[in-house]
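K.L.:
Structure incoming, see below.
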Amino acid sequence: MNIVILAAGMGKRMQSALPKVLHPLAGKPLLSHVIDTARQLSPSRLCVIYGHGGEQVPQLLQAKDLSFAKQEPQLGTGHAVMQAVPQLDDHTPTLILYGDVPLTTAASLQRLLDSAGNDKLGILTVNLGNPTGYGRIVRENGAITRIVEQKDAKPAELEINEINTGIMVAPTAALKRWLAKLSNNNAQGEYYLTDIVASAVADGVAVVSAQPDHEWETHGVNSKVQLAELERIHQRNIAHALLEQGVTLADPARIDVRGTLTCGRDVTIDVGCVFEGDVSLADGVRIDANCVIHNSTIGARSHVRPYSHFENAVVGAECIIGPYARLRPGTVLAEDVHIGNFVEVKNSDIAAHSKANHLTYVGDSTVGSRVNIGAGTITCNYDGVNKSRTIIEDDVFVGSATQLIAPIRVGKGATLGAGTTLTKDAPADKLTVSRAKQITVDNWQRPVKIKK
């Protein structure tokens with residue numbers, strides 16, 4: 001099967017320099033949603049038609065299974081499909097999709113393909129309560145005879161509620177023949193793809209239809225308002241699927257998934273959470289309110305407290321993270337690790353049962369098991385040019401307000417006194433302290449303000 005995706009629309013109503021089909025829906029370009037659905041149908045050829053000023057489309061979305069053709073000037077949907085003709089295999093049907101209609105399911109498209117077979121013209125239609133603006137499906141004795149656009153429709157035709165979604169499948173050899181016959185003698189001065197219906201009827205080719213499972217599958221995007229509406233529909237669908245899987249959502253209307261979220265049993269997600277990229281939550285994970293989790297894995301029974309931010313992190317089982325914690329790329333936490341409020345961890349491995357509960361930065365570090373990192377501790381990993389690593393072995397106690405100047409190693413069982421600035425390796429099982437001697441000044445008086 002050939003699949004052609006029309007993605008050349010200028011999108012003037014989007015009020016943006018970005019091509020319309022590259023605007024994100026759930027964190028992914030509209031066109032990418034359509035391409036992903038098309039791939040589920042295993043096409044032999046997949047061609048994207050892009051338009052003037054849309055060179056970003058092939059630049060951003062190039063892949064081995066994609067080919068691209070440019071439509072310039074843009075003279076309608078029929079003209080757009082003409083640009084793909086040299087790339088189409090005559091011996092298999094051609095399915096035509098739209099890059100700004102992102103929510104059509106593979107199941108609905110397969111229903112259309114099954115209806116059309118290899119020798120019929122198939123059209124995906126839908127019945128609308130208010131069909132204004134859409135091309136109407138004109139039937140005679142139940143059979144589709146043509147599609148008439150809104151601007152060209154007669155009053156009686158405007159009363160028709162069955163509309164053309166634009167999605168259709170046709171025998172490719174016949175499609176090429178019908179495209180060659182198209183005329184732009186209409187109100188818009190464009191080559192309408194819908195005019196091939198009349199050609200099919202004239203050739204005695206049966207014109208059949210199928211309908212999607214849901215009306216929203218055919219909704220397109222022409223403005224930021226419509227984009228926002230589709231975002232809510234898409235997020236509602238994701239939330240519904242999570243609920244069906246047994247995930248507890250405090251409010252299904254207040255979760256955003258911008259990628260793939262995989263959940264185990266008895267997962268609980270509070271309001272305002274955003275999941276980006278590939279995120280995996282194991283059994284019993286609890287995510288509190290307003291967390292952002294990007295490309296991360298969280299182990300069983302771990303608890304993420306409010307306002308925490310993860311990016312490319314791996315969290316083990318039974319960890320407690322946050323509130324207000326930040327796990328940056330390269331963070332790997334073993335089981336039962338506690339990362340508390342206003343603690344940032346970057347490119348570091350922290351072994352089991354270790355804790356950094358308050359106001360701490362751990363960067364480019366390897367931390368052993370059962371380590372306690374006191375409040376205000378900083379691993380000083382950057383000298384202005386190079387980044388160096390800090391190694392803290394098992395059973396270390398780091399006192400509050402300690403600075404560890406990397407590269408440095410703290411031996412097993414060592415204790416660092418509060419306020420220490422560590423510039424040399426600390427030996428195992430010993431107390432290391434580095435700070436000025438405390439003094440008390442007698443008869444000390446605070447300065448007084450001088451009146452001017």
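Glycine is treated like the rest: Cβ placed from N, Cα and C.
Pulled from Swiss-Prot, these are the listed features:
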- 1-224: region 'Pyrophosphorylase' (REGION)
- 6-9, K20, Q71, 76-77, 98-100, G135, E149, N164, N222, R328, K346, Y361, N372: UDP-N-acetyl-alpha-D-glucosamine binding site (BINDING)
- D100, N222: Mg(2+) binding site (BINDING)
- 225-245: region 'Linker' (REGION)
- 246-452: region 'N-acetyltransferase' (REGION)
- H358: active site, proton acceptor (ACT_SITE)
- A375, N381, Y382, S400, A418, R435: acetyl-CoA binding site (BINDING)
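Any idea what these are sitting next to in the structure?
P.N.:
Along the region 'Pyrophosphorylase' (1-224), the predicted structure has mean pLDDT 94.
Every protein chain shown contributes to the tally, and the Cβ of E149 (UDP-N-acetyl-alpha-D-glucosamine binding site) ends up with 19 other Cβ atoms within 10 Å.
When other Cβ atoms within 10 Å of the Cβ of N222 (Mg(2+) binding site) are tallied across all protein chains shown, the result is 15.
Beyond the ends of the region 'Linker' (225-245), by six or more residues, the same chain brings 14, 23, 25-26, 30, 102-103, 216, 219, 252-253, 255-257, 261, 263, 269 to within a C-beta distance below 8 angstroms of the stretch.
Long-range Cβ proximity for H358 (active site, proton acceptor), meaning a same-chain Cβ under 8 A and a gap of 6 or more residues, is found for G340, N341, F342, V343, G374, A375, G376. In the three-state DSSP reading, H358 (active site, proton acceptor) counts as strand.
In sequence order, G374, G399, S400, A401, T402 constitute the residues six or more apart from A418 (acetyl-CoA binding site) in its chain with CB-CB distances below 8 Å.
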K.L.:
Going by DSSP, is G99 (UDP-N-acetyl-alpha-D-glucosamine binding site) sitting in a helix, a strand, or coil?
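P.N.:
Going by the DSSP assignment, G99 (UDP-N-acetyl-alpha-D-glucosamine binding site) belongs to neither helix nor strand, so it counts as coil.
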K.L.:
Would you kindly give the Cα-Cα distance separating N222 (Mg(2+) binding site) and E149 (UDP-N-acetyl-alpha-D-glucosamine binding site), rounded to the nearest Å?
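P.N.:
On Cα coordinates alone, these residues lie 17 Å apart.
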K.L.:
Far apart in sequence but close in space: which same-chain residues, 6 or more away, have a Cβ under 8 Å from N372 (UDP-N-acetyl-alpha-D-glucosamine binding site)?
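P.N.:
Listed in sequence order, they are S354, K355, V396, F397, V398.
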K.L.:
With DSSP assignments reduced to helix, strand and coil, which class does L6 (UDP-N-acetyl-alpha-D-glucosamine binding site) get?
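P.N.:
Strand, per DSSP.
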K.L.:
Just to verify: the residue among G76, G99 with the fewest other Cβ atoms within 10 Å, which of the binding-site residues is it?
P.N.:
G76
K.L.:
Could you check the binding-site residues L6, A375 and say which one's CB has the fewest neighbouring CB atoms inside 10 Å?
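P.N.:
Minimum Cβ neighbour count within 10 Å, taken over the binding-site residues L6, A375, occurs at A375.
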K.L.:
Just to verify a number: CA distance, R435 (acetyl-CoA binding site) to D100 (Mg(2+) binding site), in angstrom, no decimals.
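P.N.:
Rounded to a whole number, the Cα-Cα distance is 64 Å.
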K.L.:
Starting from each candidate's C-beta and looking 10 angstroms out, tell me which of the binding-site residues N381, S400 has the most other C-beta atoms.
P.N.:
N381
